[in-house]
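Annotated Zn(2+) 1 binding site per Swiss-Prot: Cys70, Cys72, Cys85, Cys88, in sequence order. The annotation Mg(2+) binding site is assigned in Swiss-Prot to Asp461, Asp463, Asp465 on the grounds of sequence analysis. Among the features that Swiss-Prot reports, Zn(2+) 2 binding site is placed at Cys816, Cys890, Cys897, Cys900, with the record citing sequence analysis.
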Amino acid sequence: MKALLDLFKQVTAEEEFDAITIGLASPDKIRSWSYGEVKKPETINYRTFKPERDGLFCAKIFGPIKDYECLCGKYKRLKHRGVICEKCGVEVTLAKVRRDRMGHIELASPTAHIWFLKSLPSRLGMVLDMTLRDIERVLYFEAYVVTDPGMVSNLQRAQLLTEDQYLEMVEEHGDEFQALMGAEGIRELLRNLELDSEVESLHAELEVTGSEAKNKKLAKRLKILEGFQKSGIKPDWMILEVLPVLPPDLRPLVPLDGGRFATSDLNDLYRRVINRNNRLKRLLELKAPEIIVRNEKRMLQESVDSLLDNGRRGKAMTGANKRPLKSLADMIKGKGGRFRQNLLGKRVDYSGRSVIVVGPQLKLHQCGLPKLMALELFKPFIFHKLEVLGYATTIKQAKKMVEGQEPVVWDILEDVIREHPVMLNRAPTLHRLGIQAFEPTLIEGKAIQLHPLVCAAFNADFDGDQMAVHVPLSLEAQMEARTLMLASNNVLSPANGQPIIVPSQDIVLGLYYATREKINGKGEGMYFADTAEIERAMAAGQLDVHSRISVRLKQYEPAAVDGEWEEKTVRVETTAGRALLAKILPKGLPFKAIDRALKKKEISKLIDESFRRCGLKETVIFADKLMQNGYALATRAGISFCSDDMLVPAKKYEIISSAEAEVKEIETQYTNGLVTQGERYNKVVDIWGRTGDQVAKVMMEELGHEEVIDRHGKKVKQDSFNSIYMMADSGARGSAAQIRQLAGMRGLMAKPDGSIIETPITTNFREGLNVLQYFISTHGARKGLADTALKTANSGYLTRRLVDVTQDLVITEDDCGTKNGFVVKALVEGGEVIEALRERILGRVTVDDLIDPETQETVIFAGTMLDEDLVDLIDKLGIDEVKVRTPLTCDTRYGLCAQCYGRDLGRGTMVNAGEAVGVIAAQSIGEPGTQLTMRTFHVGGAASRAAVADKVEGKSAGTVRYTSNMRYVTSAKGEKVVISRSGEVLIVDDHGRERERHKVPYGAMLSVDEDKSVKAGAKLATWDPHTRPIITEYAGTVRFENVEEGVTVAKQVDDVTGLSTLVVIDHKRGGKAAVKGVRPVVKLLDESGQEVRVHGSDHTVSIAFQVGSIISVVDGQQVGVGDVLARMPQESAKTRDITGGLPRVAELFEARTPKDASVLAEVTGTISFGKDTKGKQRLVITDLEGNVHEFLISKDKHVLVHDGQVVNKGEKIVEGEPDPHDILRLQGIEALARYITDEVQDVYRLQGVKINDKHIEVIVRQMLRRVTIVEPGDTKFIKSEQVERAELLAENDRANAEGKIPATIEHMLLGITKASLSTDSFISAASFQETTRVLTEAAIMGKRDELRGLKENVIVGRLIPAGTGLAFHRSRKAQLAGEDIAASRQIEEATAENTTQEADQGL
């Protein structure tokens, strides 16, 4: 009996492990795994269906086919366990050993492993320092390789010889030297490789070499050789002498009916290898001619190649039906491979799926579960209960009862599911709210009922969506589901900390309708004692729900003494509907919170307010009541609409005709040659865009207001009760833009390529479209549908990359103790506060004490988390910048600390240790991805708005200031013309605090003087939006140089107008090739005919024209200061489509260098222009020490600086998108983080999506997690190696402790794909992308995966180190160390540092 118990123990004993290493297997290792050699290609006997002996399914090698039964049937049953049958040689044991017993094939000739040969860069090539082409020639028997030159002087090791050269050498030198062909040759070379001496010589070479390319090559080779050294793997193991054979149950052969077999492709591939191997053995025994043997060896090499990775070299081997066979490599890579299909995504038991329907009667924490589903899902629980209660004696009997659906079973089912939460999931699960737990209530029917308020989180609707149910089984699982996942515990969205349980659609409409006010409604001005009286009056038909009345309401205020609620009765003047709603307000929310027309935004604020003031429980109850009331009220209101509700404004037609007149006027200007084709198009589009908005405005005026007569007989305006208007105004359905299409004018349409068609649709859907208008409409609409399909896939891929890069980021400690942080200000653009300071710092932890600017005393201490009240205080004190902690400056080695992260947005409290903040960040950014557009349409979007700004107006009153880089000249007319590119106008208040700032472009006219006070709405500057002028800062007579027709300028005659203009052309297209590097310039002469010089220098003034500019002056003309010399039509800059939406976000996170990247100043210094070379202009910056830095910039780029300007390091000097890598290099991490955060937020803000900055910062932290070694000092690194930040810090700590020189580094920015692939964990990287490459590299280096991230742990099937798993692993490690759990923290921290040290000393 004891033996039996031991058996069960041995099966279930699970090994605890903390890391996994991967390496190359030596031939002996492979033989030691094997249970016997597979000698024959046969599989099973087609008559007896028994496996052939020594074949691919041989029972002697791999184990019995039936449990405890040998093949010939001599031994059966358990009592013979472990006996080996003497007749058939099969061991009597469990049949499942066929899943893990391996065999082997002894190869008659060694074979190279294709992964190490062909996966780029070729590892074999790097180790031997030979090219891949050469190695292949040797392997596939086209050339000999010298393995031992012996005494022959003109031969080197690893030199290639052709057949003829070899024969010549043999004739000459006989057997003094050795040269081999095929894998044997390569194996010899690898065997003779002296690793230690090679590594030393490489180190020596690295010291002396100068060239960058050589350096890189040597470093790569050194890294591989050191990898072999460290891991103790011999290089010649990359050549296979023994091939392992996969256990047969992992490559099954299944008989189908009709005598055919379904087989795994691997069996075919193995059969080919065995056939060729056996043939080769026979040929060798027969001493066949060399050429035949060679051919056979080559074929063997090819068949082994296809077995390992089919199609990697040459044509893929195909089966009978012409499709490529699936090799071992294909089994593990890609979406259907082992990693993503079986390890990261598994199907689970105890789950079901069904269609969802709405369940408005449910409480927030409930869902309706069909009885039949529940019966099936909770079967084991029911069986148990039936036994315990004595209804059934055996499980079998219980099963019968359940299947027969006896009445008692239903009572027990009710009992079992009480308080047992189930998890509901709707695919695609884009963020953590896509799986939530509910308490099931049993319902008839077959559809799952879902609470309406959680639809937003699941992104569910009831048009046929399906959802899956999962049952948490263990008590711990139930507890976690209940405390963490219950729908009522997830009121806030983890992406932005705002409520996600928000009423929408009908509920909003009902609440809005009930809280609207109607002038002179029935019963207006009545007085009521309490709400019950109101209800009676309404039931009697004496009172309208919208009427203004007075009523006594109970209000609750916290008592001064004990903080209990005190009840007060106050008389309030309000509407009947609002008074009735007051009944459901939780204590702690004042009545004024609902004393207004409740729109969707207001209701969201209301729930937020309730959460902050009254806590979670009250809020959930309140939300449920709001929902029930909203539905009831919407039903009672009976709002519907018809075509008469779409009121077309009478003024529409005159607005349109005036616009048509304007367009005609511009057409006339165009025919007279005053504007160019491009300007005309821009202006026309602007006019129609404006007109559309005007019509919409007039329409909303008419639709949204109605005149009524009040009690005193006066005419007054009030918000209209038009159904369409109410739906849009409340935020229930529809928007102003949609109403505009119904009753205004449809406006401008876009073509599929995003450009705007200049003829707008002047009619609306109410009036109907004609054929042309309908056709123009379909144009853009179809594009929208095509985009949606692409968008979903792209968005999913972005999310996958984001999750992969951040999956191992977990909160691991409370405080890392850093004193660093970022200074945060309000985000201001174009004078508008886009994001207030309070929103950006809410939930962050302060770095410094905050001081009241008035009294200079500390109001908030360092290390405080800023909650709503503190943020209000900061607002009140007028503090305009705060230094806060951020994930980017956190000093925690593996993971993040709670203080740097701040508030957990989904819970509203400080983040807990073990929270997987990385994954949450990735989900928060990825989830709204589907809402982002693929390409930005410029219709009514921000793009078309920004293009036509032609003035700046102050929003607030104050004093005008200019920034230091604002330069202007005063023209003869007294106008101040701006000649700086990046000047800004500020308005400051009386305390000198900046209220707003506006960028002023080059060539603008300033309308205000510095230090003058202005009123709100004052015009600050104006400019022409459609052209960019070139302005002179000096007066004089114009003299053209290099202005030659057909060479540098072209006369352009407009077909329509017949007028000619001089346009600067690219001289490359001019006829003469002799005049390279000349550009048209204007020199200015003074009265005496001398060239005018730049003030304070002897440079002459020369103003160069850019390609494409239209010259406005003629030779010899007198010009004054601030005059325009030429203008550059703006449309040329406008045609470059702004990358928007999803592709823009992906581009930022992938850290791609933009197409037309701008150039940033490398140093702080003074600008000058050097000699031009062909097609390039030379820009020179002289820094403060007098060192010169040159940039070559192509002529068509727009330079933002001018001669003599002083620029700061990192400032833009050429127009374009900045390259994030440059920002990091020149301005550091903070500037980079700010750039990426702002740019990503711009895209999301355009779509109205809110995401907290810290999520983006978390991703940027992961993009910065690797560093480049600049000087290795006394560390183990080599120069320009890339290493993980944590590894570097540990190594530097060690160097410092030993008093050695630590390494110096520079930060590097990796795109998210690169960052995921370069993670320390090879398991995580392999399951992401490029599986082959990752695994080959890891195997050679003998890498060790510490299983720190979440993904690795899911793959190996352990509890993930996040949440409760973090505590579990910590306590487990502490117990292993023989310590009590209290000491586990010190151990955890110490081990993180020690592991790297031990690894180093162990070498």
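Using N, Cα and C of the backbone, Cβ positions are placed for all residues, glycine too.
Here the Cα atom of Cys890 (Zn(2+) 2 binding site) is found 41 Å from that of Asp461 (Mg(2+) binding site). A simple way to gauge crowding: the CB of Cys72 (Zn(2+) 1 binding site) has 14 other CB atoms within 10 angstroms, across all the protein chains here. Listed in sequence order, the residues Ala59, Leu71, Gly73, Lys74, Tyr75, Glu86, Lys87, Gly89, Val90 complete the 8 Å Cβ shell around the Zn(2+) 1 site centroid, once Cys70, Cys72, Cys85, Cys88 themselves are left out. Asp461 (Mg(2+) binding site) is 64 Å away from Cys85 (Zn(2+) 1 binding site) when you measure Cα to Cα. Looking only at Cα atoms, Cys70 (Zn(2+) 1 binding site) sits nearest to Asp465 among the binding-site residues Asp461, Asp465, Cys816, Cys897, Cys900.
Within 8 A of the CB centroid of the Mg(2+) site residues Asp461, Asp463, Asp465, the other residues of that chain are Ile356, Ala460, Phe462, Gly464. Across the fold, the C-alpha of Cys900 (Zn(2+) 2 binding site) and the C-alpha of Asp461 (Mg(2+) binding site) stand 38 Å from each other. Each residue in Glu813, Asp815, Thr818, Arg885, Pro887, Thr889, Asp891, Thr892, Leu896, Ala898, Gln899, Tyr901 lies on the same chain as Cys816, Cys890, Cys897, Cys900 and has a C-beta within 8 Å of the C-beta centroid of that Zn(2+) 2 site, without being one of the site residues. Annotated pair Asp465 (Mg(2+) binding site) and Cys897 (Zn(2+) 2 binding site), C-alpha to C-alpha distance, rounded: 40 Å.
With a cut-off of 8 Å between CB atoms and residues at least 6 apart in sequence, the same chain places Cys890, Asp891, Thr892, Cys897, Gln899, Cys900 near Cys816 (Zn(2+) 2 binding site), listed in sequence order. A straight line from the CA of Asp463 (Mg(2+) binding site) to the CA of Cys72 (Zn(2+) 1 binding site) spans 61 Å. A count of other CB atoms within 10 A of each Cβ picks out Cys890 as the most crowded of the binding-site residues Cys88, Cys890. Using a 10 Å radius centred on the Cβ of Asp461 (Mg(2+) binding site) and all shown protein chains, the other Cβ atoms total 10. Between the CA atoms of Cys88 (Zn(2+) 1 binding site) and Asp461 (Mg(2+) binding site) there is a gap of 64 Å.
Under the three-state DSSP scheme, Cys72 (Zn(2+) 1 binding site) falls in the coil class. Rounded to a whole number, the C-alpha distance linking Asp461 (Mg(2+) binding site) with Cys72 (Zn(2+) 1 binding site) is 62 angstrom.
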